[in-house]
């Protein structure tokens with residue numbers, strides 16, 4: 001195209017603008033999704049963190065999701081300003097820094113995960129919020145029982161085999177492996193830590209089995225099994241954002257050249 005020529009329709013710029021619009025819509029949707037996910041984790045009843053320690057392993061990721069989602073929404077709002085390319089570039093650098101930080105702090109995160117889960121086990125009947133988090137982890141998110149194995153529930157005064165409570169030598173229902181379409185029986189973990197009693201109290205037509213693997217190992221296995229998918233999604237998002245930055249930068253450069261050419265024509 002000839003810069004400054006009013007008869008030049010600029011098909012290339014139209015294509016770039018269309019692609020930039022599409023990518024910006026995706027950025028906006030991604031921002032809404034991340035912001036919504038962060039707010040949900042921070043406010044949902046089953047993940048209520050009001051009574052959980054500040055260093056809870058769910059808090060930092062939730063806040064990061066809110067921040068990144070908010071920045072993405074802000075970037076979409078200023079898409080026609082010169083700062084847009086800079087904001088996206090800073091966001092990419094921030095995301096890379098977060099990935100590096102998470103990798104370096106993985107042992108601390110795992111330790112916080114274990115600590116939070118142990119506290120949830122010990123206070124299962126005393127803190128409904130922590131009990132809800134433990135049940136969500138064991139039954140719906142990971143499929144596990146205890147931190148290292150089901151015997152970790154002995155740390156709870158009610159589930160301990162030396163207890164006089166009715167729940168002694170048992171585990172919560174969230175430890176139970178359910179068959180497809182099987183209705184949850186809240187007593188399915190009854191006497192699960194005592195092999196003799198467990199056989200005696202076996203439910204008819206039900207597995208009455210509990211997860212034998214602890215949540216720490218289950219979480220690590222889940223992460224390792226999906227590592228390629230996680231890396232693929234991460235690299236894909238990075239390429240997408242770099243492509244968006246190139247589009248925005250190229251369009252901004254074209255606009256500056258066009259303005260300079262028009263200014264030169266007017267002054268001549």
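Cβ from N, Cα, C; glycine included.
Automatic prediction, not curation, is the source of TrEMBL annotations.
Listed ranges 18-42, 118-142; the one TrEMBL annotates as transmembrane segment is 18-42. Feature annotation (TrEMBL): of 57-76, 157-176, the stretch labelled transmembrane segment is 57-76. The Cβ of residue 145 (disulfide bond) has 138, 153, 171, 174, 175, 210, 211, 212, 213, 214, 215 as same-chain neighbours under 8 Å, each 6 or more residues away in sequence. On the backbone, the CA of residue 144 (disulfide bond) and the CA of residue 161 (disulfide bond) stand 20 Å apart.
The Cβ of residue 161 (disulfide bond) lies under 8 Å from the Cβ of 154, 168, 169, 193, 194, each of these being in the same chain and 6 or more residues away along the sequence.
Residue 145 (disulfide bond) falls outside any helix or strand according to DSSP and counts as coil.
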